[in-house]
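Trainee: I'd like to ask you about the structure that follows.
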Amino acid sequence: MTWTTPDLCDRFPEVAVAEPLFRHFGGRTTFSGPIATVRCVEDNSRIRELASTPGDGRVLVVDGQGSLRHALFGDQIGAQAVANGWAGVLIHGCVRDVEILAGLPLGVLALAACPRRTERRDLGDVDVPVNFAGVAFVPGHWLYADANGVVVAAAPLSLEVVGMEH
């Protein structure tokens, strides 16, 4: 049996549940992993840098301040993330190239799509706690996402103990 976020909430009441703000854009709707973070506003320089490093099954959480004016993530960075082993991304902002993202074996959650590319000014913070959707996303904590929503735990959940696979 595989996990679902409702099952995780039932079995682990201490998990944080993100407000239901996000849409799935990637080829995977179920994904999980340790969190890495970027805080940026309309500049995806740090996202591009991180996507080109080994993901090791991590989930990149991006606090784009909820901006709907520019896309922070698209097909090129998505392809880099897949090639480097990232499990998924959660973006408090926009994506673009949605037809291509839908074909990638990557979890991609974002607020919306926007065709305008980002500005690149080499700005942003990496591996800092970020807060949005009613949740604190801390580097090293774990994110679990599926079609039901997003939950965050301070440590990996013992899924095998409750008969679930990771």
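FYI, residue positions are counted from 1 along the chain as it appears here.
Using N, Cα and C of the backbone, Cβ positions are placed for all residues, glycine too.
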Trainee: Among ARG46, ARG96, which residue does Swiss-Prot annotate as binding substrate together with GLY74, ASP75, GLN76, ILE77?
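Mentor: For substrate, Swiss-Prot names GLY74, ASP75, GLN76, ILE77; of ARG46, ARG96, the listed one is ARG96.
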Trainee: With substrate as the bound species and GLY74, ASP75, GLN76, ILE77, ARG96 as its recorded binding residues, calculate the greatest Cα-Cα distance and give it in Å as a whole number.
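Mentor: So the maximum pairwise Cα distance among the substrate binders is 11 Å.
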Trainee: What does DSSP assign GLY74 (substrate binding site), in three states?
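Mentor: It is coil.
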Trainee: Where's the emptiest Cβ shell within 10 Å among the binding-site residues ASP75, ASP97?
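Mentor: Comparing Cβ neighbour counts within 10 Å for the binding-site residues ASP75, ASP97 gives ASP75.
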Trainee: Give the distance between the Cα atoms of ILE77 (substrate binding site) and ASP97 (divalent metal cation binding site), rounded to the nearest whole Å.
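Mentor: Rounded to a whole number, the Cα-Cα distance is 11 Å.
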Trainee: Restricting to the same chain and to sequence separations of six or more, state which residues have a Cβ under 8 Å from that of ARG96 (substrate binding site).
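Mentor: Same-chain residues close to ARG96 (substrate binding site) (Cβ under 8 Å, separated by 6 or more) are ALA71, PHE73, GLY74, ASP75, ALA113, CYS114, PRO115, ARG116, ARG117.
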